[in-house]
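Student: First, the structure itself, so that you have it in front of you.
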Amino acid sequence: MRECISIHVGQAGVQIGNACWELYCLEHGIQPDGQMPSDKTIGGGDDSFNTFFSETGAGKHVPRAVFVDLEPTVIDEVRTGTYRQLFHPEQLITGKEDAANNYARGHYTIGKEIIDLVLDRIRKLADQCTGLQGFLVFHSFGGGTGSGFTSLLMERLSVDYGKKSKLEFSIYPAPQVSTAVVEPYNSILTTHTTLEHSDCAFMVDNEAIYDICRRNLDIERPTYTNLNRLISQIVSSITASLRFDGALNVDLTEFQTNLVPYPRIHFPLATYAPVISAEKAYHEQLTVAEITNACFEPANQMVKCDPRHGKYMACCLLYRGDVVPKDVNAAIATIKTKRTIQFVDWCPTGFKVGINYQPPTVVPGGDLAKVQRAVCMLSNTTAVAEAWARLDHKFDLMYAKRAFVHWYVGEGMEEGEFSEAREDMAALEKDYEEVGADSADGEDEGEEY
């Protein structure tokens, strides 16, 4: 069996975790107490969901997941919520004082008190797996726990499970809707520390999700629940191939093989369609061609950047539901003719396609309409560098005045780490620039890789 362990870190990670596991349970017919009624199982006979759930002797299905936060309030909601019986109490790990939006607290002072306990729990989960293929780590860039503790955890996972894949789902700080002043510091410190430990990181920009909720679902003031439910649909689409019998991206390494041309260039852009409210869906056909086309609209992306200004290095289309290859080929052919899609010149214009016949599930009473088919596009494009440039700029504005730096130094960090992290980010921006440059100019630059 090819199991995946999900690790949800900090408030953002935990709340997205709630939305994701709620959706997984609905998709696999698992009740909030972990039981799977026998009438549900006979039909499929597909046990691929065991990659995400382990079954106990009593027939209860337990998520292969760990929830970690340095303060208890958010995880206490899981402990008392609808799905409290789903998780093993040991899978919900809380500290006593939070990281106070401070990377240094999450990574050094508070984080190191709890890291061994967390690794011990992860080890227990890993021991239940017959063929662990890797970890999915959910966290935000901006929070103290999400940034600091995640980077500490990733370093330790690399030591303990060197060969296993580590995929991240990272919440990128929204330009308009900021929850902390020091988000740029935390983001850049965590990106620098995790860059060499993460194999593939899907970024989700809160603001992009806000806009999608406002525009496509007519929610005037989206709440985090609205955002998380939308994010969970995307996560579910990306992981559907791991949880149902599929043909493409059946394991985590395949994602990397398909999307990551160089180790550092591992930030694919995710786009999901159709995001549509029930009232509208009733009057629309949403054909394969339409939803495929929607994926190339910057408005449907999870990160605000414009791929029309960048070049594509790789592109995966993951369909689910009532989709036949003939329609997909036609849709892609149309897009190739009329879209201004530029691939880098060293990469053939290949679209990799996966089809999963399990139709998308929606949370009852949620915002999304139940549709027959959906698509998630994962593309590695040089346009993502725009997102880094925005963050780096904000970092520079604050760091030029050394604003707030004393809070980090006071927790045992050295100021040199800031400039080191910033230099690494500058190098990352440069890497993106070079990858997009035409290969004819870059003959002498091959030594770096």
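We count from 1, first residue shown onward.
Any Cβ shown, glycine's included, is placed from N, Cα and C.
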Student: Out of 1-4, 129-132, 153-156, 157-160, which range is noted as motif 'MREC motif' by Swiss-Prot?
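Tutor: Result: 1-4 is the stretch Swiss-Prot calls motif 'MREC motif'.
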Student: Between 30-50, 429-449, I'd like to know which one Swiss-Prot lists as region 'Disordered'.
Tutor: 429-449
Student: Out of Gln11, Gln301, Gln342, which does Swiss-Prot tie to the same GTP site as Glu71, Ser140, Gly144, Thr145, Thr179, Asn206, Asn228?
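Tutor: Swiss-Prot names Gln11 for this GTP site.
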Student: Using all protein chains in view, find how many other C-beta atoms are within 10 Å of the C-beta of Tyr432 (phosphotyrosine).
Tutor: 25
Student: So, three-state DSSP: helix, strand or coil for Glu254 (active site)?
Tutor: helix
Student: How many whole Å apart are the CA atoms of Tyr282 (3'-nitrotyrosine) and Glu254 (active site)?
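Tutor: That separation, Cα to Cα, works out to 36 Å.
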